[in-house]
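Here is the structure we will look at.
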Amino acid sequence: MKPAALKATVINILGNTLLFCLKLWVALLSGSVALLSDAFNSLTDIISAVAVFVCVRVSGKKADEGHPFGHSRAEPIAAIIVAILAGILGFEIIRESVGRLVSGGGGVVISPFVVAVPLITAAVKLLMFFYFRGVGRRVKSPAIEASAVDSFCDVFAALAALLGLLGVYFGYPFLDPLAGLLISLWIIYTGYSIGVKNIDYLMGKSPGPELTSRIEEAARKVEGVVGTNTLRAHYVGHYVHVELHVEVPKDISTWESHGICERVEKSIERIEEVGKAFIHIDPV
């Protein structure tokens with residue numbers, strides 16, 4: 001595992017654990033369903049962060065006899081675990097929030113400290129979002145990028161909880177369970193988005209035209225290459241595996257063709273998103 005990825009996953013676990021303890025304590029003291037929903041949101045984040053930690057470590061292992069192309073599919077698996085847990089949590093919060101709405105809300109104790117908790121949460125989560133987004137993009141980790149998206153969504157969840165508490169303070173107690181309902185819908189949407197993206201990774205989705213153009217350009221710039229054809233590329237985890245037919249002059253030797261093939265492979269594999277290139281020689 002890259003040190004930056006390891007550090008990010010540890011920060012994710014510790015940060016969400018502290019926020020969960022704080023929000024659960026204040027939610028139980030105040031009776032706020034919005035804060036309780038946000039606390040369980042953090043609990044899911046802890047479970048997800050542990051899953052990300054384990055899977056990022058697994059994905060960092062080198063290729064072996066049983067896994068000749070490495071373990072990079074472990075990270076999308078972690079992200080899908082995040083998505084599933086988000087969906088389960090979201091539906092649980094909907095159930096609690098609807099029950100409170102039907103009963104008319106109420107019973108929430110408001111104090112400056114209670115109101116400060118969602119503000120603290122929003123600030124911490126915003127910092128975590130920027131940090132995870134930077135690390136995720138730098139190390140090309142979909143699991144850490146998923147944590148960044150989750151942290152950003154948590155900012156809005158915290159603000160929704162704040163809205164519910166302010167509603168209670170100003171005499172609108174139904175706003176607290178309504179905020180809990182909004183948080184739950186946001187959590188479900190977030191889980192769905194993360195799940196769809198990472199299922200594509202596991203199913204071997206093809207990269208976009210921008211990356212395929214760079215792959216072909218990297219091949220064509222190699223000396224001795226006349227042209228390219230039949231490009232196939234798909235994701236294996238968060239890296240792309242490439243199969244490409246390269247056209248070379250038919251009158252060159254087998255030795256020269258082999259040298260061109262190796263240089264094309266190295267040229268393509270220098271592209272950051274590419275994990276492995278397989279080149280076929282077509283004499284023309």
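Backbone N, Cα and C atoms are what each Cβ position is placed from, and that goes for glycine too.
Note that the coordinates shown come from a computational prediction; the quantities given were computed from them, not determined experimentally.
Feature annotations, reproduced from TrEMBL:
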| type | residues | note |
| --- | --- | --- |
| DOMAIN | 11-203 | domain 'Cation efflux protein transmembrane' |
| DOMAIN | 208-283 | domain 'Cation efflux protein cytoplasmic' |
| TRANSMEM | 12-33 | transmembrane segment |
| TRANSMEM | 39-56 | transmembrane segment |
| TRANSMEM | 77-94 | transmembrane segment |
| TRANSMEM | 106-132 | transmembrane segment |
| TRANSMEM | 152-172 | transmembrane segment |
| TRANSMEM | 178-196 | transmembrane segment |
Open item on the list: Quick test of the contact rule: Cβ under 8 Å, at least six residues beyond the ends. What residues does that give for the transmembrane segment (152-172)?
Closed with: 30, 32-35, 37-38, 41-42, 45, 105, 108, 110, 114-115, 118-119, 121-122, 125-126, 129, 178-180, 182-183, 186-187, 190
Task: Local confidence of the prediction over the domain 'Cation efflux protein cytoplasmic' (208-283), expressed as mean pLDDT - done: 87
Open item on the list: Below 8 angstroms Cβ to Cβ, which residues of this chain, lying six or more residues outside the transmembrane segment (12-33), approach it?
Closed with: 39, 42-43, 45-46, 49-50, 52-53, 96-97, 100, 107-111, 113-114, 117, 120-121, 124-125, 128, 132, 147, 161, 164-165, 168, 176-177, 180
TODO: Name the range, of those listed as 39-56, 106-132, 178-196, that has the largest tally of Cβ pairs under 8 Å with the transmembrane segment (77-94).
DONE: 178-196
Open item on the list: Which sequence-distant residues neighbour the transmembrane segment (106-132)? Criterion: at least 6 residues beyond either end, Cβ under 8 Å.
Closed with: 8, 11-12, 15, 19, 22-23, 26, 29-32, 35, 38, 144-145, 147-148, 151-152, 154-155, 158-159, 161-162, 165-166, 168-169, 173, 176
- [ ] Just give the helix, strand and coil counts over the domain 'Cation efflux protein cytoplasmic' (208-283), going by DSSP.
- [x] 28 helix, 30 strand, 18 coil
